[in-house]
Every structure is written in structure tokens, then in C-alpha cells.
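So the structure is just underneath, and the comments pick up after that.
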Amino acid sequence: MAGSWHIGVIGGSGLYDPGTLDDAQEIPVASAFGEPSGPVITGWLAGVRFTFIARHGPGHRLSPSHVNYRANIDVLKRCGVTDVLAISAVGSLAEDIAPGSFVAVDQFIDRTAGTRARSFFGDGVVAHVPMADPVCPRLSALAADAAQGAGATVHRGGTYLVIEGPQFSTRAESRLYRQWGAKVIGMTAMPEARLAREAELPYALLAMVTDYDCWREAGESVDMSAILKVMQANAGLARQTLAALAQSLPPDRAASPIDAALDHAMATPRSHWDPATSARLDAVAGRLLKIAP
Ligand SMILES: CSC[C@H]1O[C@H](OP(=O)(O)O)[C@H](O)[C@@H]1O
Ligand SMILES: Nc1ncnc2[nH]cnc12
């Protein structure tokens, strides 16, 4: 069934506000999963609704390990977002992916420490969603086209290696990740992408390349001051990408298979759902809760 687009944007390092949105307002949205990273801003661009949240919060006070990824996705779902576009600063693991360019990521390798809450499920309601293709190809292509239209150099496809951080990698790690075929490295895409899938939200990630990490022979290492310079230049381009995306979205949003990701994922029959857990899942699994058990 076709409907309207409502794009949720998660702004990463350097992107702490969405730029000018028509009718922008901060809306109070509480999550059953705790505090989101910061204010939720909603508004319009070219007649398309956008709702924005800054991943590290105002003033970048949350480290990658302390972002409440569940609350962020849950509040976007509660706002009625249909699709999530994540924007992230990353290091490049490939010579041809230069700082300043963008990568429309299509795969992830998760090397986080396992301490981040990475599922909405458990506690008496068990689900296993497929993650073989973690990125929505439609949203990713639209975002890549929009970034290109805004003037960015865009690489389509590439694996994002997610480390726990907050320290950058050692050279041995960085070189190992290249052997694994990863193209970019960052600290935040997991569990964000997993949670978006559980919430039946098509997810795409536009990675803004800020550095070459530390794998190159020349001996340079990653340096926050160099990263900050690239991030400042990229933030404007990211906002222009949102404007270009709004202009280019098809007028109607055709349904995506990801909108029904939970259909074949539930291990626990509805009759056995824990009542407290199902109350917390009123947004994430709201579609299933509306169907008679
Ligand atoms: C500022 S460099 C390290 C920092 O930037 C990235 O965050 P985000 O994905 O939110 O843009 C990276 O993952 C680290 O958290
Ligand atoms: N080299 C790098 N490693 C991890 N996260 C990053 N974010 C930006 N550059 C990065």
C-alpha cells in the first residue's frame, strides 16, 4: 500500500541539527526504553516530513558506547517515521575512498563489545529478524543520488566495520579490517541498524569520510583536529543532501518488505507474550499488536 514518506534522520558527529526545516518544532516524545540522545526536532522540506535526532546529543556529550540506540529508534518509530537515514563520520579503509567523500554503506561487520543493548526483544517476547541485507536498497540509492545531486562524491556500497571505541584502532586492527574487505570504519552503526530492522524501519547510512584511519604505510594516525575540519565542511553537504532527498522522493511511498520484518520473526506466540514487555513494544511492534492474536 502506498503512503507518505516521513524520514527520520539520525545526525552523527558534526551534524547536530538538521538545518532549516519548515514549521520546525521540538516535540516531546517519551520512550519506554529510556532517554533518547536529545531533543526530537520535526519539520518539513519540500512537503516531506523529516524528524531529526542528534546521535551524540547536543554538545556531543554521549560517547558511542553510551548512546541509547533503543530509545532513539523507539522515539522515531513513535513519531511515525517510515524510513531512517543515518549520517555518520567514518574513517576510510581504502585508498580510493578519500576524506570528503560519502559512502552509501550496504553491509556491516559488528566488532562492538557486546555491552550495548542491541534488541528490543527478550524478557518474554522473543523475535529473530533477518539481517542478511541490513540496509534498505531503495532508501540508500535515493540518499546516494541526493548526495551526488548536492555535489558530493559518492561511493555506492561498502562494508562499515563497527568498533566499540572510543579509542581509534591500532594499525594491526586497521590492516586486519582491510583484509576482511571492510571499506569504512566507525563506532555507531551497530546496534542502530539492528534496532531499526526490529522496528520495521528501512534504514540507510550515508557515511561521511573524515580520515584514512591508520593503516597506511606513511605512518600517519587518526587525529581529531583533522577529522573536525572535514566534519565542518561535510555538515553543510549533509544538510543539502537532505534538501535534495526531499525534492527527489517519489510522491508516494510504495510499501517495503522491511515494513513487515516482524511477520516471520516472532518465536513467542502472541498468547505467550509477557504483558509488561508487550506494553514497552507498543511502538516497535505496534503493527502486530493491532492484529488480533
Ligand atoms: C568524531 S570521530 C569519532 C566518532 O564519529 C563517529 O560518530 P558518528 O557515527 O555518530 O558520526 C564515530 O563512529 C565516532 O563515534
Ligand atoms: N578512523 C575512525 N575510526 C573510527 N571511527 C571514526 N570516525 C571517524 N573516523 C573514524
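Cβ atoms here come from the backbone N, Cα and C positions, even for glycine.
What TrEMBL says about a protein is an automatic prediction, not a curated fact.
What you see is a predicted model, and the numbers here were worked out from it, not measured in a lab.
What TrEMBL says about this protein:
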| type | residues | note |
| --- | --- | --- |
| BINDING | Ser13, Arg55, His56, Ser88, Ala89, Thr188 | phosphate binding site |
| BINDING | Met187, Asp211, Tyr212, Asp213 | substrate binding site |
| DOMAIN | 7-244 | domain 'Nucleoside phosphorylase' |
| SITE | Ser169 | site 'Important for substrate specificity' |
| SITE | Met224 | site 'Important for substrate specificity' |
Recorded positions near Ser169 (site 'Important for substrate specificity'), in sequence order, restricted to Ala89, Thr188, Asp211, Tyr212, Met224 and a 10 Å Cα cut-off: none
Shortest C-alpha distance to Ser88 (phosphate binding site) - which of the recorded positions Met187, Asp211, Tyr212, Asp213, Met224: Met187
Same chain, 6+ residues apart, C-beta under 8 Å of the C-beta of Tyr212 (substrate binding site), given in sequence order: Gly91, Ser92, Pro99, Glu220, Val222
Distance [Cα-Cα, Å, rounded] between Met187 (substrate binding site) and Ala89 (phosphate binding site): 9
Contacting recorded positions, sequence order - Ser88, Ala89, Thr188, Asp213, Met224 vs ligand 2, Cβ under 6 Å: Ala89, Asp213
Nonlocal residues around Thr188 (phosphate binding site), in sequence order (Cβ under 8 Å, 6 or more apart): Gly12, Arg55, Pro64, Val67, Ser88, Val162
Taking residues Ser13, Arg55, His56, Ser88, Ala89, Thr188, which bind phosphate in the record, the widest Cα spacing (Å, whole number): 12
